[in-house]
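A.B. asks: Once you've had a glance at the structure underneath, I'll fire off some questions.
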Amino acid sequence: MADDGMLLNFDLGSGPVKPQVKFKGGRWRDRKQAEKSARIASGKQSQPKSSTDGPDDGRSSKRQRTDDGDFDNGFDYKSANRFGSRPKHFDNDGHGGASGQSRSHQSDGKSKQVISRLFSFNPAQKTEADEKQGEWTAPEATNAPLSDVANFGTLTISARLVDELGKMGLERPTGIQNKVIPHMLTSSSDAFVQAETGSGKTLAYLLPILHRVLLLSVKGGAQIHRDSGAFAIIVAPTRELAKQVHTVLEKLIRPFPWLVSTAITGGESKKAEKARIRKGVNFLVATPGRLADHIDNTKALNLSIVRWLILDEGDRLMDLGFEDDLKKVITALKAVDVSDTLPDGTPLKALPERRVTVLCSATMKMNVQKLGEMSLADATFLAAKKEDMELDVQKSEMKAPAQLHQYYSVVPAKLRLVTLISYLKSTFSRRGKTMKAIIFISCADSVDFHYELLRDPNTTEAPVAASKEAESISKTVSKAAYITSPASPEVVLHRMHGSLSQPIRTATLKSFSACKSPSLLITTDVSSRGLDIPSVDLVIEYDPAFSFADHIHRVGRTARAGKPGDALLFLLPGTEEGYIELMKGSTTPTSQSYDSILQKGMMTKLEFPVETTAKPEDGHSFHDKAESLQLHIEQRLLEDTKRLELARNGFKSHIRAYATHTKEERKHFDISELHLGHTAKSYGLREAPGGIGQGVERKTKKRTNKGVEKDPEQAAGDERQNQNIIRKKSMMLMNSAADEFNIG
């Protein structure tokens, strides 16, 4: 055959040709292991190429990965937005100086110290921050005592009650008290009371009840005693609110030893509660579940004398799922005839002829209207202002007190933690008086992490006087680190959430209320309703509330009874900025940039409670100090296994809680826009932990009866049915409002 000029570019070498072995059968892992062993035996295992190899000379070198899991440009590509696409808008370098210094520190090659860059590759803020802020002038307080009313005596209540109110520092009634007290003193009709938070609803219904009961004891004071029966039942949604109402009631009846009140709540001993009911009580403050339990099981609880049923915080009662318990209570009361006399024959002419139900709520949501239809009959609508009474109930919305100064700060996720510490440090440093602040966080695990992080590790005992409650608060009260200053050398830190036992929660709340030093409470929404804590100057919503109604109740912990107050809301750049328009429906919020917060907080010297390699110097800019603080926290967590685990758990719970906002507001909190890597930075983590949203592990093999084999079609049908059940439960969870599991 003639030579056709073709050349074969094959070099088979001089060695014998070995046949290719293909592994079949067995498990996948076994086949892979066998292939790897064969490659090693044949000398064909891949080796790293030399840097002098010709074909690779033109390839660009990869960016060096630092110890914290990030490339040298400061962006966490690995964890970027696992739920969706990467956020579109990023500033290449919002603060070039800080970013440039960070690069120079790493590029010198002499130091391998990790640099936590916080000011580069952050999402761009969509709304413009208003930096032209003057001194904010508070408008006229909407929940303050009325100036045109001389005192409580003008409302024709008992003079001894007026004296007790004077000892409590209360001289004049508020607007809602001026409406409700005269109505309940003279009328026997049901009432719906609508008023903003902090307006004094508790005294509005307690004072007329006590006045009418005291009229029975005017002549001699011997007709009424503790075993005369329960005249009023007050239902509160949370244990803390029930305890607070009971405390106020105890102060009011102090001059009347023949009157007795008690509180029955979940978490307490039912045996002790039964003993108190058996001895006799005149005023019963209860949570719905425990009250329904005693109605079923405590025979000593006589409902025939009950003249008033007060449903406090009706919207929260329905939100927390107490509808069935409330139905049971209302049905039991309706089934009992109202007695005209006491068991000893004393007439009850001063009391209403029928049982009166009073529903208190700050909103007129559909579930509240449902509760009203279930409990009220021909009710009178009472509000503080005439214009509120003329509003259509479908359009009435909650509003915060007018004198409350609300402002917000759009903070990138990476900067949230250092911004929070800076704000607390500057706040406590400029206050020369005793002050209290509350931080609201979305979940209990996150509360535990932030408490342990801000707690001074060198403090072993709670900074309170020795008492029987000292042991209860030993793990919930401590001296604070990072946020102290020469003006406030000692700040007392508290934590509270629903996972703590009731005695610990009660003792912690009491400690925070009575604390004489500057103090900070880190809590969930368990502290957002009805609690009247004195001298709260500031509320920080570190995590936005699950619903706007919860937001109003959170900020309502300050600016109570006409006093001024401040509230700061942290928001992320992006979809969360749409929440600002929702806020403008009830107030005029003021913006504050995170740069100004960091600059004020980093003016004073930072003091670290634990020594690490990160040591901020006074001469550096506030950008450098913020990055040094972040690096210090990361190093501290790496050296402390306990706090590192708390940070991981807090991060996971935070992500899960982020998906539980109400359906109407979920557009502002899009989890697909949440950057997990940057959010992990706010927990002092260098990379986002895994295991989010995996759910419960399920076994692949299903148990079947021995000797019985399921029909394939039947098995497939069962599987589809189980999947439908899981899907329905998931949809119910996603579409529902925040429940008690969200509040810790």
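Backbone N, Cα and C define each Cβ position, glycine as well.
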A.B. asks: Using Swiss-Prot as the reference, determine which range in 150-178, 266-294, 498-526, 643-671 is annotated motif 'Q motif'.
C.D. replies: 150-178
A.B. asks: Do you know which of 132-135, 312-315, 344-347, 352-355 Swiss-Prot annotates as motif 'DEAD box'?
C.D. replies: 312-315
A.B. asks: Take the motif 'Q motif' (150-178) and find every residue of the same chain, 6 or more past its ends, with a Cβ under 8 Å from one of its Cβ atoms.
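C.D. replies: Hits for the motif 'Q motif' (150-178): 142-144, 185, 193, 195, 199-201, 203-204, 207-208, 210-211, 214, 251-252, 254-256, 382-385, 561-562.
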A.B. asks: Looking only at GLY198, GLY200, the binding-site residues on record, which one has the least crowded Cβ, with the fewest other Cβ atoms within 10 Å?
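C.D. replies: Looking at the binding-site residues GLY198, GLY200, the Cβ with the fewest others within 10 Å is that of GLY200.
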A.B. asks: Between GLU196, THR197, SER199, THR202, which of the binding-site residues has its C-beta surrounded by the fewest other C-beta atoms within 10 Å?
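C.D. replies: It is THR202 that, of the binding-site residues GLU196, THR197, SER199, THR202, has the fewest other Cβ atoms within 10 Å.
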A.B. asks: Across all chains shown, how many C-beta atoms besides its own are within 10 angstroms of the C-beta of ALA195 (ATP binding site)?
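C.D. replies: A 10 Å sphere around the Cβ of ALA195 (ATP binding site) contains 25 other Cβ atoms.
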A.B. asks: What same-chain residues, at least 6 away in sequence, bring their CB to under 8 Å of the CB of LYS201 (ATP binding site)?
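C.D. replies: The list for LYS201 (ATP binding site) reads ILE176, VAL180, VAL193, ALA195, ASP312, CYS360, given in order along the sequence.
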A.B. asks: Across the whole of the domain 'Helicase ATP-binding' (182-382), what does the mean pLDDT come to? Round it, please.
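C.D. replies: Across the residues of the domain 'Helicase ATP-binding' (182-382) the model's pLDDT averages 90 on the 0 to 100 scale.
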